[in-house]
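Since the structure comes first, as structure tokens, the remarks are kept for the end.
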Amino acid sequence: MADKLIIFDTTLRDGEQSPGASMTRDEKLRIARQLERLRVDVIEAGFAASSNGDFEAVKSIADAIKDSTICSLSRANDRDISRAAEALKGANSGRIHTFIATSPLHMEKKLRMTPDQVFEQAKQSVRFARNLVGDVEFSPEDGYRSEMDFLCRVLEAVIAEGATTINVPDTVGYAVPELYGEFIRTLRERIPNSDKAIWSVHCHNDLGMAVANSLAGVKIGGARQVECTINGLGERAGNCSLEEVVMAVKTRRDYFGLDIGIDTSHIVAASRMVSQTTGFVVQPNKAVVGANAFAHASGIHQDGVLKARDTYEIMRAEDVGWTTNKIVLGKLSGRNAFKQRLQDLGVTLDSETEINNAFAKFKELADRKSEIFDEDILALVGDESVTAEKEQYGFVSMSQHSETGERPHATVVFTVEGKEVRTESDGNGPVDASLKAIESHIKSGAEMVLYSVNAISGSTESQGEVTVRLQNSGRVVNGVGSDPDIVVASAKAYLSALNKLQSKADRVAAQG
Ligand code: KIV
Ligand code: ZN
């Protein structure tokens with residue numbers, strides 16, 4: 001029987017650390033449900049001690065998700081570890097993931113600790129965590145840039161204290177595949193009790209090699225857990241991408257010889273959900289989940305694929321869930337059909353009120369757009385007005401006028417804590433005028449660092465999906481809005497970003 005490769009998803013923790021990608025508890029829960037549907041083995045739900053919001057998110061995921069192990073990150077101290085254990089109480093299977101930096105640079109400059117102090121703290125933390133839960137993962141942060149002798153000493157000690165998984169992060173994305181693979185192999189060979197733990201790889205993508213490095217850690221190093229995120233979301237250039245690593249191991253089973261428990265048919269839906277929730281658009285040529293990943297434009301390729309699809313395709317589009325781009329519903333579709341489609345798409349709304357809100361939104365959209373695609377439905381349930389969460393600002397309506405030779409003008413009606421406000425402004429273009437109208441009332445003073453428009457389902461008949469990234473007092477948030485009218489989508493995205501700016505609690509940075 002082949003070994004199993006454990007898939008550890010950290011979209012909700014390391015992915016969320018990407019500036020602007022912070023998610024609300026409900027958003028995290030929705031994504032966790034999709035990860036469970038994907039049959040991800042371990043879901044790192046957050047960093048419970050970093051904020052009350054993250055504690056609540058980890059707790060609700062631990063309470064709701066039953067088929068995956070739920071994990072919380074924690075620094076190597078008793079307070080963080082107790083907080084993680086507390087948040088994980090309701091889990092069927094819970095894991096504490098504790099970490100401390102072990103590279104000379106991090107120990108000296110960041111922690112200001114001696115190697116002996118780090119050694120003691122690592123040992124004590126794992127001992128403390130093992131008294132609370134049976135499943136403890138230990139990560140030597142910046143492990144790949146750590147000295148081999150010291151790392152062996154620390155890892156041998158934490159395994160002796162009961163760490164069940166040892167994760168070796170390439171925190172800054174410095175590794176190259178062969179060397180990283182050999183690094184893991186050397187650790188496993190030199191540490192006498194290495195067979196008492198499962199070895200895990202955790203690679204960042206700064207040099208574009210996170211997936212290659214992770215796979216080398218598996219193939220050369222013998223690691224049996226890969227830490228990854230949907231769409232490769234993560235700080236800087238991101239983390240190892242789940243969809244790529246999973247499809248590589250599955251498609252090249254002849255080479256890797258490993259089993260994987262993932263239900264790949266939910267990959268595209270997961271990718272869309274993460275992209276729509278965070279506002280991080282997936283590049284069209286992204287492997288597996290990019291819009292062009294299975295599109296053949298050249299005549300030679302099209303001809304080949306029509307004759308025999310494997311001439312140019314090594315995976316089947318439907319195996320990763322690319323069958324959803326079809327007309328599913330229209331104006332005459334009823335609530336039951338809508339509810340069923342939500343279920344097929346793997347969306348669970350938490351209450352009848354949320355389903356009713358979503359259905360009302362769907363009807364509104366179907367009045368304006370005859371063909372409703374799955375992408376439209378996913379965008380619609382991502383809309384804040386659907387969920388029961390009370391937001392500070394809500395979009396109501398708008399009108400705008402633009403004509404060649406005239407300065408565009410917009411009037412926007414929106415709610416502030418439930419009360420309607422009407423504001424107007426002119427601007428360089430209709431979008432600029434609408435956002436200025438909103439800002440003239442709210443006066444957030446936030447700087448816009450990104451504005452992007454994307455057609456949800458390809459054509460000009462599609463809904464526009466707008467991402468607005470705002471920065472204020474060192475915080476960065478993304479707001480997403482969708483509507484067939486891109487000016488309205490822009491106003492919704494702007495209000496959504498302002499809501500996030502308003503609610504984002506201060507967090508302790510995991511790697512700070
Ligand atoms: O990249 C990293 O080192 C991490 C650790 C906290 C595991 O994310
Ligand atoms: Zn990381």
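Quick reminder: no glycine exception, Cβ is built from N, Cα and C everywhere.
Binding site for Mn(2+) per TrEMBL: H202, H204, N239, plus D14 from the candidate set D14, D26, D426. Proximity of H202 (Mn(2+) binding site) to non-local residues of its own chain (separation of 6 or more, Cβ distance below 8 Å) is seen for T10, S139, N167, V168, P169, D170, T171, E227, N239, C240, given in sequence order.
Sequence-ordered, the extra residues of this chain that approach the Mn(2+) site, with Cβ no more than 8 Å from the Cβ center of D14, H202, H204, N239, are T10, P169, T171, C203, N205, A210, E227, C228, T229, G234, E235, G238, C240. Here the region 'Regulatory domain' (394-512) returns a mean pLDDT of 89 for the predicted model.
Cβ environment of H204 (Mn(2+) binding site): P169, D170, T171, V172, G173, A210, G234, E235, R236, A237, G238, N239, C240 lie under 8 Å away, each six or more residues apart in the same chain. According to DSSP, H202 (Mn(2+) binding site) is assigned to a strand segment.
Using DSSP to sort the residues of the region 'Regulatory domain' (394-512) gives these counts of helix, strand and coil: 31 helix, 51 strand, 37 coil. All protein chains shown were included, and the count of other CB atoms within 10 Å of the CB of N239 (Mn(2+) binding site) stands at 30.
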